[in-house]
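Copied from TrEMBL, the annotated features are:
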type: BINDING; residues: Glu89, Asp111, Val113; note: Mg(2+) 1 binding site
type: BINDING; residues: Asp111, Asp114, Glu274; note: Mg(2+) 2 binding site
type: BINDING; residues: Asp114, Gly115, Ser116, Ser117, Asn207, Tyr238, Tyr256, Leu257, Tyr258, Lys268; note: substrate binding site
type: DOMAIN; residues: 3-192; note: domain 'Fructose-1-6-bisphosphatase class I N-terminal'
type: DOMAIN; residues: 198-324; note: domain 'Fructose-1-6-bisphosphatase class 1 C-terminal'
Amino acid sequence: MISLRKFIFHHHNNFLISKEEIYSFFTIIELVVKIIRYHVSLGNTSNFFQKKNTKNIHGENQITLDIIANNNFKDILKTCSNIAGIVSEEEKKIITFQEQEKYGKYIFFIDPVDGSSNADINIPIGTIFSIYPRVSPIGISISEQDFLQPGNQQIMSGYILYGPATILVFTIKSGVHIFTYHPSYETFILSQKNVKFPDTGNIYSINEGNYNSFPKGIKKYLQYCKNQYDQNPISSRYVGSLVADFHRSLLKGGIYLYPNTQSYMYGKLRLMYECNPIAYLAEEASGKATNGDIRILDIIPKFIHQCSPFFSGTASMVEMVKKFILDSQSDSIKN
Ligand code: AHG
Ligand code: MN
Ligand code: MN
């Protein structure tokens with residue numbers, strides 16, 4: 001059995017940051033995850049899944065767990081001397097930590113609870129995180145430019161999936177690794193090292209209820225998937241928690257799609273704390289992630305809560321959907 005600590009101890013030379021820094025990040029993540037995991041396991045015997053009257057920056061109703069998870073992250077990240085500031089889905093503005101904003105080397109992005117509308121029905125939910133080195137020199141207070149970096153500058157990203165088991169999936173460059181939380185040992189144990197997408201996939205994952213407002217290229221791609229029925233049947237699966245849908249694609253092969261729609265002109269998923277961390281994992285596992293035009297990781301963000309269309313999964317499937325999008329764009333230019 002290989003614990004997370006032991007794994008880092010043996011592999012830290014492959015990673016971009018020091019062993020001590022990785023330990024400090026995982027100490028925080030493990031602590032918060034234990035708290036969230038505990039609340040999730042109580043199900044509806046607690047009132048943490050109830051909708052609050054408060055809304056987040058995206059206009060979505062928060063549940064108590066969104067707020068509790070966010071507050072725990074904030075409180076615990078504040079105690080970590082190398083973290084200068086954070087952005088959270090549940091916070092309108094950048095949060096900088098007074099003691100650390102001048103000397104902390106790293107910044108954190110978090111989606112404390114992903115898929116929170118699934119929580120009250122006992123469907124898997126997640127947590128997503130992403131870490132960047134600051135760009136401003138040490139010694140001055142960090143500013144917005146430290147946060148508005150493209151995803152290709154991430155040094156670490158990952159997610160936790162609270163399913164029948166709680167698992168941690170992360171990359172610090174050089175591969176994607178999966179750990180499973182063992183409640184008796186109260187620690188994460190290695191389940192799969194250097195996981196890669198299967199070369200082919202036959203599952204697509206999209207909220208097809210929005211079909212009428214999808215761009216033409218996406219409609220055509222979905223039609224193409226259905227037309228494969230005789231030769232190479234493609235299944236449709238959709239949980240509605242990005243972490244769960246992406247995780248299935250990673251292990252079984254498949255694609256997750258969230259295009260722009262009438263209600264979400266720029267897509268629904270958030271670039272900095274949903275798309276980028278997942279895209280980094282996808283590429284490290286030999287998959288792809290695009291907004292339909294360019295690599296997700298190359299998008300230069302304009303604001304911290306920016307949204308983006310998102311297509312990620314098995315490389316060949318992402319390439320195919322991109323082709324349908326481009327073809328339909330050139331058709332409309334011709335006509
Ligand atoms: P969050 O709970 O953090 O707001 O994220 C929800 C996101 C994502 O997890 C999921 O894939 C997507 O919203 C589902 O959206 P639809 O309900 O529109 O399909
Ligand atoms: Mn989310
Ligand atoms: Mn969320």
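The backbone N, Cα and C atoms fix where each Cβ goes, and this holds for glycine too.
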Taking residues Asp114, Gly115, Ser116, Ser117, Asn207, Tyr238, Tyr256, Leu257, Tyr258, Lys268, which bind substrate in the record, the widest Cα spacing (Å, whole number): 19
Asp114 (Mg(2+) 2 binding site) and Asn207 (substrate binding site), Cα-Cα, nearest whole angstrom: 16
Local Cβ density at Asn207 (substrate binding site) - other Cβ atoms counted within 10 Å: 15
Sequence-ordered binding-site residues from Glu89, Asn207, Tyr256, Tyr258, Glu274 with Cβ under 6 Å of an atom of ligand 3: Glu89
Binding-site residues whose CB lies under 6 angstroms from ligand 2, from Val113, Ser116, Glu274: Glu274
Listed in sequence order, residues not in Glu89, Asp111, Val113 with Cβ within 8 Å of the centre of the Mg(2+) 1 site Cβ atoms: Asp66, Ala69, Asn70, Ser88, Glu90, Ile110, Pro112, Asp114, Ser116, Thr127, Ile128, Tyr273
Tertiary neighbours of Ser116 (substrate binding site) (same chain, Cβ under 8 Å, six or more apart): Gln62, Ile63, Leu65, Asp66, Ile125
Of the binding-site residues listed as Tyr256, Tyr258, Glu274, the one whose CA lies nearest the CA of Asp111 (Mg(2+) 1 binding site): Glu274
Local confidence of the domain 'Fructose-1-6-bisphosphatase class 1 C-terminal' (198-324) - pLDDT mean: 97
Asp111, Asp114, Glu274 excluded, remaining Cβ within 8 Å of their centroid (Mg(2+) 2): Glu89, Gly115, Gly126, Thr127, Ile128, Tyr159, Leu242, Val243, Leu269, Arg270, Tyr273, Pro277
Candidate nearest Asp114 (Mg(2+) 2 binding site) in space, where candidates are the binding-site residues Glu89, Tyr256, Tyr258 and distance is Cα-Cα: Glu89
